[in-house]
Amino acid sequence: MAHAHSVKRYKGLMDWLTTVDHKKIAILYLLSGGLFFAIGGFEAILIRLQLIKPMNDMLEAQTFNELITMHGTTMIFLGVMPIVFALMNAIIPLQIGARDVAFPFLNSLGFWTFLFGGILLNLSWVMGGAPDAGWTSYTPLSSTMYSPSHGVDFYTVGLQIAGLGTLIGGLNFLATIITMRAPGMSYMRMPMFTWASFVTSAMILFAFPAITVGLVLLTFDRVLGANFFNVDGGGNPVLWQHIFWIFGHPEVYILILPAFGIISEVIPTFARKRLFGYSSMVFATILIAFLGFMVWAHHMFTTGLGPVANALFSISTMLIAVPTGIKIFNWLFTMWGGQVKFNTANLFAVGFIPTFTMGGVTGVMLASAPADFQFHDTYFVVAHFHYVIVGGMVFGLLSGLHYWWPKMFGRVLNETLGKWTFWTFAIGFHMTFFVQHFLGLMGMQRRVFTYLPNQGFDTMNLVSTVGAFLMGVGIIFFTINIIKSFMQPKGCANDPWEDGRTLEWTIPSPPPEYNFKQIPLVRGLDAYWKEKAAGNTEMTPAEPIGPIHMPSPTIIPFVMSVGIFIAGLGLMFSGEEFSSSFMSFIFNNWIVCGLGLLITFGSMLMRSLFDDHGWHIEPEEFEEEGYKHG
Amino acid sequence: MTVDEQNKHQLVNQRHRHEGPQKHIVAFIFSIVLTLIAFAAVGAGGVNPAFTIIILLVMAVLQVFVQMGYWMHLKDKGHMIPIIFMLGGFFVAGTAIITALSWMWW
Amino acid sequence: MANVHTEHGNGQLPQYPEKATLEGRNKILAFWLFLGGEAVLFGTLFATFLTLRNQTNEGPTAAELFSLPLTAAATFILLVSSLTSVFAIQALHRHKVKELITWLIVTVLLGIGFLALEIYEFYEYMHLENFGMTTSAFSSAFYTLVGFHGAHVAFGVLWIGVLIGQLYKKGLTVVTAPKIYVSAMYWHFIDVVWVFIFTVVYLLGKVG
């Protein structure tokens with residue numbers, strides 16, 4: 001069976017550009033997600049600085065609009081999503097006992113399209129102004145009449161490309177989880193993080209095509225002069241709101257479900273108890289996903305949909321509190337009676353519970369349509385979604401990063417610095433956003449670039465800004481911790497927490513290229529814990545030792561994404577009048593756009609024509625990688 | 001290819017010949033009939049529009065069953081996951097369409 | 001992944017070559033998932049069209065514009081191509097490469113015929129009826145929905161065309177079989193979308 005195909009192995013930068021290894025792609029996602037997270041964070045600091053005192057003139061209104069738009073868009077699509085994808089990539093194949101994802105090529109393609117989409121969006125800062133219509137880009141504000149610069153074009157095209165990458169990634173995880181599970185791992189034996197990722201990926205699959213259409217329509221309105229949202233031509237701006245939120249509301253559950261999954265891994269590990277109510281957790285996750293597609297119009301209560309629609313969406317929204325409540329109680333019961341260890345990963349996980357619950361409670365308040373008429377477009381809403389996204393998602397991510405860092409990089413993060421990270425970030429977070437509830441109730445509107453003095457807003461805005469800086473300090477502690485960890489040598493134990501429950505802790509940290517020398521046999525939920533309880537130190541293998549087939553590295557995904565990037569730029573500037581006649585010629589005649597598409601489809605053709613036979617790792621090569629037990 | 005293998009190959013081919021084109025031609029004729037009914041309902045005129053719309057939708061849904069069930073093999077065993085995900089897709093598509101009909105204009 | 005044969009070596013082709021390898025099965029499964037996503041994509045486009053179909057902005061209306069014989073011809077062509085695509089897959093299961101290629105070529109030709117009708121239709125509307133992308137919200141929605149479907153057909157034609165070339169060069173193997181199977185699934189799905197387009201856009205347009 002061992003056909004020795006010679007394969008070109010790259011080193012250095014080329015290795016990273018051509019890799020199809022899920023663990024390296026995870027690191028690429030983490031790096032680029034971290035970069036965009038830093039950019040979004042910097043934008044947040046600028047926003048808070050502008051609002052530190054009444055009638056501040058540090059920023060102009062236009063710049064402020066661009067900052068809030070880019071802060072929201074960057075954080076959601078380019079910061080948090082890729083970090084989720086980093087953890088999913090790094091951990092899911094390990095948790096299900098697989099050697100890679102189902103489609104390593106698509107995995108790489110998904111990453112590069114996401115990255116080029118993100119780069120395109122952020123290029124707007126230096127190419128004539130960032131998008132300024134809010135992260136929701138409501139029409140007519142985002143029409144060419146009110147946003148004449150190319151800002152919103154960068155938004156539509158950049159998000160379109162990045163969204164394509166996300167969709168490809170989601171599809172890949174679905175196929176991976178359905179088909180690549182180790183023998184014995186039935187659906188109801190999958191770890192909760194895998195379950196959450198599975199459901200999240202399904203939501204990505206069903207939600208992202210909607211925004212694809214929305215963005216196409218907006219692009220056609222802006223570039224081709226179509227009339228979808230243009231009232232003069234018979235269009236309807238409410239259509240954009242519906243399409244955006246049919247995608248947008250599932251999107252926020254796409255953000256939070258992986259965090260639920262992470263918390264459900266961290267809490268049992270550090271409580272040394274199995275997760276309370278595993279099957280109800282699975283059920284609740286699916287129910288949240290299902291209900292998540294039926295609540296979108298609660299973002300539009302004040303649009304004027306009428307009492308029937310408002311009542312319906314009010315009720316469906318409140319229903320979501322039920323499965324979410326089940327989850328909260330399950331986490332609490334998991335800790336109850338356990339030997340809880342409060343290290344950094346667990347601090348973030350435990351801190352998540354009350355913080356997220358507060359965000360959930362304001363969510364139920366907002367779900368009440370009559371009350372929402374008061375809350376709508378005030379800082380109360382800003383406080384609510386930051387409690388669920390930062391207090392939920394980001395806490396979850398930081399927990400997961402501390403927890404799985406040893407597995408990803410073979411180095412444990414420093415606990416002292418970790419605790420500083422937690423306390424500064426958590427206190428900073430509550431300082432920033434707790435007061436915003438009251439600012440909103442007192443009538444401070446969101447998205448305003450300044451406010452008048454002596455309305456009772458002054459002190460709380462100052463507190464909020466100081467809190468934002470404290471959160472920044474927390475992130476700096478985390479960065480120092482990362483840098484410090486890379487100054488130690490690699491090589492922590494397979495199971496550095498000693499209480500690991502799932503398959504990823506049975507293999508070296510970081511895992512070898514092929515993950516598992518032998519695919520393990522899974523004999524129950526929490527497969528590794530089960531073996532530990534039976535007195536075994538390792539998993540029973542489900543196959544004999546043999547040569548391992550590996551996919552070949554390839555540059556094609558990178559080239560394809562460059563092609564899409566060029567096509568996107570060509571589309572955006574197709575109607576532009578350039579000072580150079582040559583530039584006008586190639587853009588106005590769709591030559592640039594066509595060239596980009598040619599590169600993309602040409603690469604696709606190459607991929608189809610030339611089969612990838614892959615290559616094999618022979619058993620003799622296993623030992624070099626060092627299979628340590630600990 | 002040994003004689004034995006050739007024989008097996010023959011057998012396999014024999015078995016496959018049973019699944020001839022007849023079944024699919026019947027499905028095809030069925031779908032053509034459905035299409036004709038739909039076009040006739042509109043082309044004939046004079047029929048109550050509300051009734052016509054119901055006929056059109058029923059014909060379309062039956063067509064989908066022919067295409068997806070028979071020609072895309074969804075009726076066969078081992079298609080649980082595809083069915084779940086197609087239904088998921090249709091469900092979300094359905095919410096968008098219901099929205100378009102209910103909450104877009106007032 | 002040690003158990004994956006991408007080479008068929010001296011062994012004969014398995015009964016269902018498209019499902020013989022893990023890669024093949026993964027491809028088919030993932031394509032189903034992708035079609036679930038495509039259903040949402042077209043669902044949203046249909047929702048857009050249904051919202052805007054009476055917003056003619058004093059331009060031509062659906063009833064004035066559409067011609068039922070043209071739509072019927074296009075529908076017939078696409079339905080027949082669905083049948084020929086089924087025949088292609090049956091030939092694949094019987095390992096009859098020549099027959100398979102013939103049916104695929106017929107499918108592609110029918111696809112090209114459909115596209116030709118659509119291009120002719122769009123040309124008529126744009127140049128004779130003064131019905132362009134910018135005319136009204138109805139026109140924007142019409143061109144986007146029907147155009148998206150047309151672009152899918154065009155992609156399918158190119159895709160199956162490339163696969164025919166691969167069949168000539170590489171023959172029917174466990175690598176080429178899943179590709180052909182998946183392209184047939186795609187083709188049927190396009191047909192399903194067209195069923196809704198001729199119903200919702202053309203017939204409903206005539207009903208009013």
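The backbone N, Cα and C atoms fix where each Cβ goes, and this holds for glycine too.
Just so you know, TrEMBL annotations are computer predictions that nobody has curated.
Marked as domain 'Cytochrome oxidase subunit I profile' by TrEMBL: A:10-523. What TrEMBL records for A:26-47, A:154-180, A:192-218, A:238-263, A:275-296, A:308-333, A:345-367, A:379-405, A:417-439, A:459-480, A:555-573, A:585-606 (among others) is transmembrane segment.
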Among A:345-367, A:417-439, A:585-606, stretch most in contact with the transmembrane segment (A:555-573) (C-beta, under 8 angstroms): A:585-606
CB contact flag for the transmembrane segment (A:459-480) and the transmembrane segment (A:308-333), at least three pairs under 8 A: no
Tertiary contacts of the transmembrane segment (A:275-296), as residues 6+ beyond its ends and Cβ separation under 8 Å: 188, 192, 195-196, 199-200, 202-203, 206-207, 242, 245-246, 248-250, 253, 257, 260-261, 264, 267-268, 313, 316-317, 319-320, 322-324, 326-327, 330-331, 333-334, 336, 525
Cβ-Cβ under 8 Å with the transmembrane segment (A:345-367): same-chain residues at least 6 beyond its ends: 256, 259, 262-263, 266-267, 270, 298, 314, 317-318, 320-321, 324, 328, 331-332, 335, 375, 380-381, 383-388, 391-392, 395-396, 398-400, 402-403, 418-419, 422, 426, 429-430, 437
